[in-house]
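Novice: Encoded as structure tokens, here's the structure I'll be asking about.
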Amino acid sequence: MSKISKSWRRTPRTALAACAVASLVTGLTACGGGGGDDEQSALGKDDTLTITTFSEFGYDELIKEWNADPERPFKVKQTKISEWDTWKQTLTTSLQAGTGLTDVVAIEGDAMPQFLAEGASDQFADITDPELDDRWVEYKYKAGQTTDGVQIGYPTDAGPEAICYRADLFKKAGLPSEPAEAAKLFTDWDTYFASGEKFAKKVPKTKWYDSSGSIAQAMLNQVKYPFQTEDQKVDVDNEELKAVYDTVAKYTPTLSTRAVQWKEDWQAAFTNDGFATMPCPGWMFANIKSSAPDVKGWAIADVFPGGGGNWGGSFLAVPAQSKHQEEAKQLANYLTDADSEVTAFEATGNFPANIEAQETLAAENKEDPYFGNAKTAEILANRAKAVEPDLPFKGDKYSDILGLLQTAIQRVDEGADPEKSWETFTQAVGRL
Amino acid sequence: MLDQASQARRSPQGPSALRQRLSRWDVKYAPYLFIAPFFVVFAVIGLYPLLYTGYLSFFSWPRFGAEHGDAVGWANYSHVLSDPVFRKAIVNTIGIFLLSSVPQVIVATVIAALLDTNLRGRSWWRMSVLLPYVVAPAAAALIWGAIFADNSGLANEILRVVGIDPIGWHSDRFASWTAIATMVNWRWTGYNTLIILAAMQAVPRDIYESASIDGANRVRQFWNITLPSIRPTMVFVIVTSTMGGLQIFTEPRLFDTNLQHQGGANYQFQTLTMYVFNTANSATDPYPRAAAAAWLLFLLIVGIALLNFLVTRAVQRRSLR
């Protein structure tokens with residue numbers, strides 16, 4: 001019926017066909033799947049190098065400066081995609097097609113392992129540079145490396161988590177609203193949920209946290225082997241993962257907004273007093289500010305239930321299909337140096353993975369008026385110290401299984417039986 | 001022919017012999033040349049990918065690989081066939097198809113019959129039914145998505161006013177089918193109406209005249225003259241809407257834009273084309289598995305379209321008798 005749907009479905013076939021025609025005409029047999037041996041070409045001053053980021057990397061100012069500087073060897077153009085999931089899909093298909101990507105691409109931390117896996121890492125240029133060895137926090141640096149030590153990605157930011165909360169709603173519920181006092185409600189997960197139940201009784205219209213998914217993610221980031229064992233074997237039937245799932249499922253009816261992260265209802269909950277607390281990595285600040293620009297009362301507590309947790313943090317990589325790998329490497333290098341990562345933090349709150357940038361921010365110790373003059377850099381630095389490196393272990397299927405787990409949790413949010421939903425989840429993981 | 005023969009008799013030498021041969025070829029082969037472009041284009045962008053998809057479905061293919069791997073026999077087919085999500089997708093597709101195509105064809109026929117009467121401002125009415133078809137399906141899906149939103153949607157607001165509990169348009173399986181079928185019907189009913197209307201207008205008017213002289217009323221005329229007369233068009237409309245209905249993608253795809261689980265958290269409204277699309281993004285052997293699913297979908301469509309054709313013909317035959 002729908003004409004559009006037909007043509008959509010045919011796109012890959014059409015591409016194959018076009019490919020077949022091209023190979024008939026030119027006598028070439030290689031179709032798609034560009035290797036690293038493609039011809040490289042140099043860029044002139046007025047030529048443009050392209051980069052794609054998702055969500056908000058805070059590069060606008062940096063790129064503007066670069067383009068205004070007559071000394072720079074080429075110009076830069078950034079494409080911003082609003083959601084990682086959308087970009088992940090485009091990235092994956094374009095890698096398979098061997099064409100269509102920008103010279104620099106941003107990759108989300110949880111998905112990095114799948115691109116480092118054997119076979120996949122060939123699709124990226126080797127951007128190893130011994131000079132950069134001490135630039136980033138070690139575990140982030142290693143996370144952008146294959147097992148053979150080939151650097152595929154330069155770390156942009158890390159995601160040490162604090163708890164953001166609504167001080168005004170806390171007051172209404174008779175809970176301590178000052179950050180130092182409020183922090184005592186969030187010391188471990190049991191206290192966190194118990195405080196939530198207290199809160200829910202006082203302010204029944206507001207939920208305790210933003211979504212079941214984000215709490216699950218936060219708890220998951222403290223599990224050593226959530227989905228895969230060290231030798232990449234899929235194992236989702238472990239007790240620790242089940243415990244996270246059961247806890248989240250248990251509190252869904254009372255404490256969760258049941259909204260899906262990043263969707264309209266979730267976004268709306270920021271402004272209409274939908275919830276009172278949320279796990280808050282640095283990059284979430286920009287999200288809160290843009291979702292609730294007029295809400296007064298957002299505050300940050302320098303604490304995270306159960307110690308520390310790192311949520312996300314991305315990489316810049318150069319696909320092998322890029323015709324300008326040297327220049328791309330140069331740009332990725334520039335965007336992740338200390339000055340750039342400080343600028344990005346000031347623009348969006350993305351906490352730098354760059355060690356020197358972290359030190360600069362700690363020395364500046366600026367206050368953020370939006371969050372009740374909280375010293376955000378200091379808080380995130382403290383939170384980063386609490387993070388255990390290498391936690392959790394992320395295997396090559398981490399991102400895929402995480403997606404399925406979030407879906408399972410959404411089913412519970414929608415009213416499905418938790419046990420049944422878990423069964424569907426394990427079944428789906430088995431079929432990956 | 002006669003002309004040519006006489007011409008040939010007048011000058012039996014070389015050039016005219018060639019001309020004669022050329023003109024014979026012209027008569028013989030030109031028609032094939034005229035229709036050739038379609039078949040060439042079809043062979044390149046239709047048939048070749050179709051066959052290549054079939055070929056591909058018997059191999060493995062690493063996720064980011066540039067070439068396919070080893071032959072795996074029927075493993076991809078058995079993987080797809082044993083997938084509970086695939087079975088769910090079949091049920092979803094058929095469910096949405098029945099909820100859309102059946103009422104759509106019936107309503108289109110009724111509207112066409114109404115438009116076939118002596119209305120005032122006929123052209124205006126006829127143009128109006130095509131209006132939804134002009135709207136891009138993606139835009140339509142967005143509009144309907146807002147109407148069927150679970151929390152703030154117009155549909156639920158209206159139900160609330162009437163005093164009915166809001167419906168979980170995305171979480172409830174049947175409700176999600178209904179919502180998607182509504183979008184499809186809204187868009188395609190007018191299109192089918194115009195096709196059926198064109199067929200109705202080709203029915204000779206004097207048959208109706210003699211029928212009304214014989215005392216047949218409007219309804220009787222519709223059943224005994226209009227419907228039997230437009231039989232081939234009805235078969236065409238039913239078969240094309242079957243094929244389209246089973247390939248439905250845009251509407252359900254945009255009904256829930258969460259890329260982690262297209263078609264609902266519990267796969268409530270994931271259709272077969274979405275299944276193919278999703279499989280092509282999965283972790284192991286994405287393309288071969290998607291190819292296997294695409295071929296199964298192809299066979300299903302051929303099967304149902306054939307069945308549909310036979311049933312429609314049988315029913316129409318009987319009504320003619």
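Glycine is no exception: its Cβ is also placed from the backbone N, Cα and C atoms.
Automated prediction, rather than curation, is the source of TrEMBL annotations.
Residues annotated as domain 'ABC transmembrane type-1' in TrEMBL: B:90-308. Annotation comment: TrEMBL describes B:29-51, B:89-115, B:127-149, B:188-208, B:229-249, B:292-311 as transmembrane segment.
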Novice: Under 8 Å between C-beta atoms and at least six residues away from its ends: which parts of the chain pack against the transmembrane segment (B:292-311)?
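Specialist: Hits for the transmembrane segment (B:292-311): 50, 53-54, 57, 76-77, 79-81, 86, 90, 235, 238-239, 242-243, 246-247, 272-273, 275-276, 279.
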Novice: Which residues, given as numbers and ranges, are at least 6 beyond the ends of the transmembrane segment (B:188-208) yet have a Cβ under 8 Å from it?
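Specialist: Long-range Cβ neighbours of the transmembrane segment (B:188-208): 100, 104-105, 107-109, 111-113, 115-116, 126, 128-133, 221, 225-226, 229-230, 232-234, 236-237, 241, 244.
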Novice: Please give the sequence-distant neighbours of the transmembrane segment (B:89-115): residues at least 6 beyond its ends with Cβ less than 8 Å from one of its Cβ atoms.
Specialist: 122, 125-126, 129, 173-174, 177-178, 180-181, 184-185, 188-190, 192-194, 196-197, 200, 222, 226-227, 234, 237-238, 241-242, 245-246, 248, 252, 263, 267-272, 274-275, 300
